[in-house]
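Some features that Swiss-Prot has for this protein:
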BINDING   Asp63, Asp65, Asp67, Gln69, Glu74  Ca(2+) 1 binding site
DOMAIN    50-85  domain 'EF-hand 2'
DOMAIN    87-122  domain 'EF-hand 3'
LIPID     Gly2  N-myristoyl glycine
Amino acid sequence: MGNEASYPAEICSHFDEDEIKRLRKRFKKLDLDSSSALSVKEFTSMPELQENPLVQRVIDVFDTDGDGQVDFREFILGTSQFSVRGDEEQKLRFAFSIYDMDKDGYISNGELFQVLKMMVGDNLKDWQLQQLVDKTIILLDKDGDGKISFQEFSAVVRSLEIHKHLVTIV
């Protein structure tokens with residue numbers, strides 16, 4: 001793995017040189033086995049993520065090559081989504097990708113159920129959660145295709161102004 005300068009500027013556009021150095025230092029501290037990639041265990045050692053029920057989904061979204069680990073490039077790309085300098089569209093796409101598990105551009109009933117199940121655990125019975133999912137799909141699905149597109153998701157999130165609260169965790 002090279003130094004910070006070995007990464008194209010476009011992947012680091014939300015971070016200045018000092019921030020990249022700080023992120024590199026943090027990455028190396030998390031990389032306990034010095035493998036140049038963070039395993040699930042190493043990734044979840046971040047205090048910000050230890051209690052997050054969606055940590056596996058965050059890892060899956062960060063892990064763009066699908067190898068089950070997060071290398072420094074993926075770490076920079078992923079954390080840049082939380083930068084206060086990141087744009088609204090990127091933040092919305094990141095949030096959408098947490099739900100779009102199969103990466104087909106839509107949130108299906110099953111995907112919404114799985115992600116909400118991660119969040120609520122056993123606090124709701126499955127039938128109660130399914131009712132919530134069904135109602136959510138009906139409410140958000142403006143074109144009636146039975147799934148939530150990025151546009152439908154974005155419209156709701158923008159109306160709630162949730163995206164303004166997606167700020168840096170690094």
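Think of each number as a place in line: the chain as shown, counted from 1.
Using the three backbone atoms N, Cα and C, a Cβ is placed for every residue, glycine included.
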State the residues, same chain only, that lie 6 or more residues beyond the ends of the domain 'EF-hand 3' (87-122) and have a CB under 8 A from a CB inside it; answer 'none' if no residue qualifies. 53-54, 56-58, 60-61, 80-81, 129-130, 132-134, 136-137, 146-150, 153-154, 157-158, 162-163, 166
Check: same-chain CB within 8 A of Ca(2+) 1 site center, minus Asp63, Asp65, Asp67, Gln69, Glu74: Ala37, Phe62, Thr64, Gly66, Gly68, Val70, Asp71
Other CB atoms, at most 10 A from the CB of Gln69 (Ca(2+) 1 binding site): 19
Give the sequence-ordered list of residues that share a chain with Asp63 (Ca(2+) 1 binding site), lie 6 or more positions from it, and have CB atoms under 8 Å from its CB. Gln69, Val70, Glu74
Can you check how the pLDDT averages out over the domain 'EF-hand 2' (50-85)? 89
According to DSSP, Asp65 (Ca(2+) 1 binding site) sits in coil
Are there residues of the same chain, six or more positions away from Asp65 (Ca(2+) 1 binding site), whose CB falls under 8 angstroms from its CB, and which are they? Asp71, Glu74
Would you mind listing, in sequence order, the residues at least six apart from Asp67 (Ca(2+) 1 binding site) in the same chain with a Cβ closer than 8 Å to its Cβ? Ala37
